[in-house]
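Trainee: Let me give you the structure first, and then I'll get to my questions.
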Amino acid sequence: MMDFILILFSLFISYLTFKIWKHIDSKRDQHCYILDYQCYKPSDDRMVTTQLSGNIIFRNKHLRLDEYKFLLRAIVSSGIGEQTYAPRLFFEGREQSPTLQDGILEMEEFYIDIIKKLLERNNLLPSEIDVLVVNVSMLTSIPSLSARIINHYKMREDIKVFNLTGMGCSASLISVDIVKNIFKTYKNKLALVVTSESISPNWYSGNNRSMILANCLFRCGGCAVLLTNKLSLSRRAMFKLRCLVRTHHGARDDSYSACVQKEDMLGRVGIHLDKTLPKSATRAFVDNLKVITPKILPVTELLRFMLFHLLKKLRRNPSKGSNMAEAAPKAGVKAGINFKTGIDHFCIHTGGKAVIDSIGYSLDLTEYDLEPARMTLHRFGNTSANSLWYVLGYMEAKKRLKRGDRVFMISFGAGFKCNSCVWEVVRDLNVGESLGNVWNHCIDQYPLKSLLNPYFEKYGWIHQEEDADTFKIPDETM
């Protein structure tokens, strides 16, 4: 009888040990690492100069004086410089009559360049990729963009493929989230995230103010990111994903309609940016922070924040008297959470100067913190979902990223969505070893001493009073 009990006890201990080991083993394989990434730099013959910008705008014969001024003011105040990139059809004067092939060729030029460089630099064959996630919001083709990539690189038949469209500027982190969840189930995998945007077929040729603004914001770009959950590669990795939070306000009608592709009164398709956009973005941002903040900040900072708000409520309590409520603003207690207690670097989506300023104000960031986003906006413009990786590349090229540092990424997208994540730097990143950094050729020029927009000098006349009946396009833009 005693032997039987010992056998049962041994089996129980063995089973318990096995379950504990399995649990620990499964957790170990749920890590998500970035091995490498490659941003896209188009050829210099596709740079958008002041001259080209003016020519493109003045080619739109549907614009009146007020719309000309509106667009030129938007360009002048955008924070975008003269070295960003546009599709080839803009240089050919065909932006108002694009073809499907224009969009496909733009994407082919992008992914044939960067995926090849990324794989070669890491000594990988296309057949070694287990998961492919592609996001491009404004291009839908048959076959899909992911299928075109698989065909070009002759990837495996059993590769797991995801093709995302219509997800806006936040799609890059959605792609990472898909990979992260796949890694929870499948061990020892390599994933490739390809993120870009198709500008060619999406020029708005009408005069609706809420739709022509998008013409000024977006530029060409793209990025390929190589991720893995192989522990054997963890020492080679650059970053480790600590947490990722997605916030979606599509159920709110005003948020849903804040950024929508639609037709104007004359049937011309464009992106409508509603007046509710700033409010929708702020609301999504706040809700996202509520979820991710406890995951990334130390307990001491959270307790300080809670204590501050408790004292604030007590001071405003009518039962305590109106004098105390009036004294609250004079107390000099700083409101909000100090994100720098848990975050070292801030990787902000370059949606525009106003977006960067707003996030900087909300998180109480310094100009040093905002520098990567501002310089990226100036050099590459708003490249949609892939802009985060250009900002990250700037930090790396400036040798800011040291082992143990935490990088906070935040982006917004139509729907309306706000997605954020935190990466931990696995090892010191030196620009010398990162031969594929898109900033290597020009990083010594940054940060710029002045961001005075070069467009202002040429388009200064937009601040002068003009008679709409006698208005004539300035000769220097022809």
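Using N, Cα and C of the backbone, Cβ positions are placed for all residues, glycine too.
In TrEMBL, annotation is done automatically, which means it is predicted and not curated.
Residues or ranges marked as domain 'FAE' by TrEMBL: 26-313. Per TrEMBL, active site is recorded for CYS169, HIS248, HIS345, HIS349, HIS378, ASN382. What TrEMBL lists as domain 'Beta-ketoacyl-[acyl-carrier-protein] synthase III C-terminal' is 342-424.
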Trainee: Could you give me three numbers for the domain 'Beta-ketoacyl-[acyl-carrier-protein] synthase III C-terminal' (342-424), the DSSP helix, strand and coil residue counts?
Mentor: 38 helix, 21 strand, 24 coil
Trainee: Which residues in the same chain, at least 6 apart in sequence, have a Cβ under 8 Å from the Cβ of HIS345 (active site)?
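Mentor: Long-range Cβ contacts: ASP369, PRO372, MET395, ARG400, LEU401, ASP405, ARG406, VAL407, PHE408.
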Trainee: Quiz question: given the active-site residues HIS349, HIS378, which has the greatest number of C-beta atoms lying within 10 angstroms of its own C-beta?
Mentor: HIS349
Trainee: Which of the active-site residues listed here (HIS248, HIS349, HIS378, ASN382) have a Cα atom within 10 Å of the Cα of CYS169 (active site)?
Mentor: HIS349, ASN382
Trainee: Is it possible to get the count of other C-beta atoms within 10 angstroms of the C-beta of ASN382 (active site)?
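Mentor: Summing over all protein chains shown, ASN382 (active site) has 24 other Cβ atoms within 10 Å.
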Trainee: Using a 10 Å cut-off between Cα atoms, which of these active-site residues sit near HIS349 (active site): HIS248, HIS378, ASN382?
Mentor: ASN382
Trainee: Provide the number of Cβ atoms within 10 Å of the Cβ of CYS169 (active site), excluding the reference atom itself.
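Mentor: Result for CYS169 (active site): 28 other Cβ atoms within 10 Å.
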